[in-house]
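Here is the structure we will look at, set down as C-alpha coordinates.
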Amino acid sequence: MARKPDAQRDDSKSARTRERILDAAAQVLSKKGYSGTRLTDVAAVAEIQAPAIYYYFPSREDLIEEVMWAGIAEMRKYVIAALEAAPAEATPMDRIMIAVEVHLRHELNISDYTTASIRNSGQVPEKIRSRQKAEEAKYGEVWKKLIRDAAAEGEIRPELDLRIARMLILGALNWAAEWWNPRRGSLDLVVRNAQSIIQSGIGTAAPAAAPKPARTRRAAKPTPQEADLSA
(Lines of atoms letter the chains of each structure in order from A and count residues from 1; the text may use other names and numbers.)
(Lines give C-alpha, C1' and ligand atoms only; values in the text may rest on other atoms or scores of the structure.)
Protein backbone atom coordinates (compact mmCIF):
# COMPACT_ATOMS: atom_id res chain seq x y z
CA MET A 1 0.00 0.00 0.00
CA ALA A 2 2.95 2.35 0.52
CA ARG A 3 3.33 4.82 -2.26
CA LYS A 4 5.76 7.70 -2.77
CA PRO A 5 4.94 10.84 -4.79
CA ASP A 6 5.94 10.32 -8.42
CA ALA A 7 8.02 13.50 -8.40
CA GLN A 8 10.32 11.86 -5.82
CA ARG A 9 10.99 8.71 -7.84
CA ASP A 10 14.42 7.80 -9.24
CA ASP A 11 15.44 4.58 -10.95
CA SER A 12 19.03 4.39 -9.61
CA LYS A 13 19.87 1.57 -7.21
CA SER A 14 20.60 4.01 -4.40
CA ALA A 15 17.31 5.83 -4.95
CA ARG A 16 15.41 2.54 -5.01
CA THR A 17 16.94 1.52 -1.70
CA ARG A 18 16.12 4.91 -0.21
CA GLU A 19 12.55 4.58 -1.40
CA ARG A 20 12.31 1.07 0.03
CA ILE A 21 13.43 2.42 3.39
CA LEU A 22 10.83 5.18 3.22
CA ASP A 23 8.10 2.73 2.23
CA ALA A 24 9.04 0.52 5.17
CA ALA A 25 9.14 3.47 7.56
CA ALA A 26 5.71 4.62 6.42
CA GLN A 27 4.31 1.13 6.97
CA VAL A 28 5.82 0.79 10.46
CA LEU A 29 4.94 4.35 11.48
CA SER A 30 1.33 3.95 10.38
CA LYS A 31 0.95 0.82 12.53
CA LYS A 32 3.17 1.44 15.55
CA GLY A 33 3.16 5.21 15.88
CA TYR A 34 6.07 7.55 16.51
CA SER A 35 7.16 6.16 19.86
CA GLY A 36 6.89 2.56 18.68
CA THR A 37 8.81 2.98 15.43
CA ARG A 38 12.31 1.51 15.69
CA LEU A 39 14.91 1.47 12.96
CA THR A 40 15.34 -2.27 13.44
CA ASP A 41 11.67 -2.73 12.52
CA VAL A 42 12.05 -0.48 9.50
CA ALA A 43 15.15 -2.38 8.40
CA ALA A 44 13.35 -5.71 8.75
CA VAL A 45 10.49 -4.57 6.52
CA ALA A 46 12.92 -3.02 4.02
CA GLU A 47 15.04 -6.20 4.10
CA ILE A 48 18.29 -4.39 4.84
CA GLN A 49 20.64 -4.12 7.81
CA ALA A 50 19.63 -1.38 10.26
CA PRO A 51 22.99 0.49 10.10
CA ALA A 52 22.51 0.92 6.33
CA ILE A 53 19.64 3.33 7.01
CA TYR A 54 22.16 5.90 8.25
CA TYR A 55 23.70 6.04 4.79
CA TYR A 56 20.44 7.56 3.55
CA PHE A 57 19.11 9.35 6.64
CA PRO A 58 21.24 10.93 9.38
CA SER A 59 18.82 9.93 12.12
CA ARG A 60 15.52 8.25 12.96
CA GLU A 61 13.94 11.71 13.21
CA ASP A 62 15.09 12.66 9.70
CA LEU A 63 13.55 9.49 8.30
CA ILE A 64 10.25 10.08 10.08
CA GLU A 65 10.22 13.74 9.05
CA GLU A 66 10.48 12.71 5.39
CA VAL A 67 7.60 10.25 5.74
CA MET A 68 5.40 12.81 7.49
CA TRP A 69 6.03 15.44 4.83
CA ALA A 70 5.55 13.01 1.93
CA GLY A 71 2.19 11.85 3.29
CA ILE A 72 0.61 15.28 3.08
CA ALA A 73 2.41 16.27 -0.13
CA GLU A 74 1.12 13.11 -1.80
CA MET A 75 -2.42 13.72 -0.57
CA ARG A 76 -2.44 17.27 -1.92
CA LYS A 77 -1.13 16.17 -5.30
CA TYR A 78 -3.69 13.35 -5.53
CA VAL A 79 -6.65 15.58 -4.67
CA ILE A 80 -5.56 18.33 -7.06
CA ALA A 81 -5.21 15.80 -9.89
CA ALA A 82 -8.73 14.51 -9.25
CA LEU A 83 -10.15 18.03 -9.22
CA GLU A 84 -8.38 18.89 -12.45
CA ALA A 85 -9.94 15.79 -14.03
CA ALA A 86 -13.45 16.72 -12.88
CA PRO A 87 -15.99 17.38 -15.66
CA ALA A 88 -16.44 20.99 -16.67
CA GLU A 89 -20.08 20.94 -15.59
CA ALA A 90 -19.22 19.93 -12.01
CA THR A 91 -20.61 22.41 -9.50
CA PRO A 92 -18.51 23.67 -6.57
CA MET A 93 -20.38 21.26 -4.30
CA ASP A 94 -19.67 18.42 -6.75
CA ARG A 95 -15.99 19.29 -6.45
CA ILE A 96 -16.16 19.16 -2.67
CA MET A 97 -17.69 15.69 -2.94
CA ILE A 98 -14.88 14.63 -5.27
CA ALA A 99 -12.30 15.88 -2.77
CA VAL A 100 -14.05 14.04 0.07
CA GLU A 101 -13.90 10.75 -1.83
CA VAL A 102 -10.32 11.15 -2.99
CA HIS A 103 -9.12 12.17 0.46
CA LEU A 104 -10.68 9.11 2.09
CA ARG A 105 -9.55 6.63 -0.56
CA HIS A 106 -6.01 7.95 -0.47
CA GLU A 107 -5.88 8.03 3.31
CA LEU A 108 -7.42 4.62 3.93
CA ASN A 109 -6.47 2.50 0.94
CA ILE A 110 -3.67 3.91 -1.17
CA SER A 111 -0.90 5.44 0.91
CA ASP A 112 0.85 4.32 4.10
CA TYR A 113 2.59 7.69 3.97
CA THR A 114 -0.66 9.61 4.33
CA THR A 115 -2.00 7.27 7.01
CA ALA A 116 1.25 7.60 8.96
CA SER A 117 1.26 11.37 8.61
CA ILE A 118 -2.33 11.77 9.79
CA ARG A 119 -2.07 9.31 12.67
CA ASN A 120 1.17 10.77 14.03
CA SER A 121 0.67 14.50 13.60
CA GLY A 122 0.08 14.94 17.32
CA GLN A 123 2.84 12.54 18.38
CA VAL A 124 5.99 13.72 16.65
CA PRO A 125 8.12 16.49 18.20
CA GLU A 126 7.41 19.98 16.93
CA LYS A 127 10.96 20.35 15.63
CA ILE A 128 10.39 17.74 12.93
CA ARG A 129 6.95 18.98 11.92
CA SER A 130 7.94 22.19 10.13
CA ARG A 131 7.92 20.75 6.61
CA GLN A 132 4.75 18.81 7.28
CA LYS A 133 2.99 21.89 8.67
CA ALA A 134 3.97 23.93 5.62
CA GLU A 135 2.53 21.22 3.37
CA GLU A 136 -0.61 21.01 5.51
CA ALA A 137 -1.10 24.75 4.99
CA LYS A 138 -0.88 24.27 1.21
CA TYR A 139 -3.41 21.45 1.36
CA GLY A 140 -5.65 23.60 3.52
CA GLU A 141 -5.65 26.23 0.78
CA VAL A 142 -7.07 23.66 -1.63
CA TRP A 143 -10.01 23.10 0.70
CA LYS A 144 -10.38 26.79 1.47
CA LYS A 145 -10.90 27.48 -2.24
CA LEU A 146 -13.34 24.58 -2.63
CA ILE A 147 -15.53 25.84 0.19
CA ARG A 148 -15.31 29.51 -0.74
CA ASP A 149 -16.26 28.71 -4.33
CA ALA A 150 -19.30 26.77 -3.11
CA ALA A 151 -20.27 29.60 -0.78
CA ALA A 152 -19.94 32.15 -3.57
CA GLU A 153 -22.40 30.10 -5.64
CA GLY A 154 -24.89 29.93 -2.78
CA GLU A 155 -24.32 26.21 -2.23
CA ILE A 156 -23.35 26.51 1.44
CA ARG A 157 -25.68 27.56 4.23
CA PRO A 158 -25.12 31.28 4.82
CA GLU A 159 -25.06 31.06 8.61
CA LEU A 160 -21.99 28.81 8.60
CA ASP A 161 -18.49 30.07 9.33
CA LEU A 162 -16.43 28.80 6.41
CA ARG A 163 -13.22 28.28 8.35
CA ILE A 164 -14.96 26.29 11.08
CA ALA A 165 -16.79 24.23 8.46
CA ARG A 166 -13.52 23.47 6.68
CA MET A 167 -11.71 22.46 9.85
CA LEU A 168 -14.57 20.22 10.96
CA ILE A 169 -14.70 18.50 7.57
CA LEU A 170 -10.96 17.84 7.46
CA GLY A 171 -10.94 16.72 11.08
CA ALA A 172 -13.69 14.20 10.41
CA LEU A 173 -12.01 12.89 7.25
CA ASN A 174 -8.64 12.53 8.95
CA TRP A 175 -10.11 10.76 11.98
CA ALA A 176 -11.32 7.94 9.74
CA ALA A 177 -7.75 6.61 9.79
CA GLU A 178 -8.21 5.88 13.49
CA TRP A 179 -11.50 4.01 13.46
CA TRP A 180 -12.11 2.50 10.03
CA ASN A 181 -12.02 -1.28 9.89
CA PRO A 182 -12.74 -2.83 6.48
CA ARG A 183 -14.30 -5.83 8.21
CA ARG A 184 -17.04 -3.60 9.62
CA GLY A 185 -17.87 -1.55 6.54
CA SER A 186 -16.48 -1.14 3.05
CA LEU A 187 -14.53 1.92 1.97
CA ASP A 188 -17.27 2.66 -0.56
CA LEU A 189 -19.77 2.82 2.30
CA VAL A 190 -17.52 5.16 4.28
CA VAL A 191 -17.20 7.45 1.25
CA ARG A 192 -20.95 7.52 0.60
CA ASN A 193 -21.74 8.26 4.23
CA ALA A 194 -19.13 11.01 4.42
CA GLN A 195 -20.40 12.65 1.25
CA SER A 196 -24.01 12.50 2.42
CA ILE A 197 -23.27 13.85 5.90
CA ILE A 198 -21.08 16.68 4.63
CA GLN A 199 -23.40 17.74 1.83
CA SER A 200 -26.49 17.70 4.04
CA GLY A 201 -24.60 19.40 6.84
CA ILE A 202 -23.17 22.37 4.96
CA GLY A 203 -25.17 22.48 1.74
CA THR A 204 -28.28 24.35 0.73
CA ALA A 205 -31.07 22.75 -1.27
CA ALA A 206 -30.91 25.66 -3.69
CA PRO A 207 -28.74 28.76 -4.12
CA ALA A 208 -29.43 31.27 -1.39
CA ALA A 209 -31.79 34.12 -2.30
CA ALA A 210 -30.43 37.65 -2.46
CA PRO A 211 -30.78 39.43 0.90
CA LYS A 212 -33.66 41.89 1.28
CA PRO A 213 -32.77 45.59 1.54
CA ALA A 214 -32.39 46.79 5.12
CA ARG A 215 -35.36 48.79 6.43
CA THR A 216 -33.20 51.11 8.50
CA ARG A 217 -30.07 53.09 7.86
CA ARG A 218 -28.16 50.90 10.28
CA ALA A 219 -25.78 48.60 8.42
CA ALA A 220 -26.63 44.94 8.71
CA LYS A 221 -24.11 42.84 10.59
CA PRO A 222 -22.31 40.53 8.13
CA THR A 223 -22.80 36.81 8.52
CA PRO A 224 -19.73 34.77 9.50
CA GLN A 225 -19.61 33.52 5.91
CA GLU A 226 -19.66 37.03 4.44
CA ALA A 227 -16.87 38.06 6.77
CA ASP A 228 -14.82 35.03 5.74
CA LEU A 229 -15.33 35.66 2.03
CA SER A 230 -14.23 39.27 2.36
CA ALA A 231 -11.12 38.37 4.33
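Numbering starts at 1 and runs along the chain as displayed.
For all residues, glycine too, the Cβ spot is worked out from N, Cα and C.
TrEMBL: automatically predicted annotations, no manual curation.
What you are looking at is a predicted structure, and each value in this text was computed from that prediction instead of being measured.
Noted in TrEMBL for the protein shown:
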type	residues	note
DNA_BIND	38-57	DNA-binding region
COMPBIAS	204-213	compositional bias 'Low complexity'
DOMAIN	15-75	domain 'HTH tetR-type'
REGION	203-231	region 'Disordered'
* Asked: For the domain 'HTH tetR-type' (15-75), what is the mean per-residue pLDDT, to the nearest integer?
  -> 93
* Asked: How many helix, strand and coil residues does the DNA-binding region (38-57) contain under DSSP?
  -> 15 helix, 0 strand, 5 coil
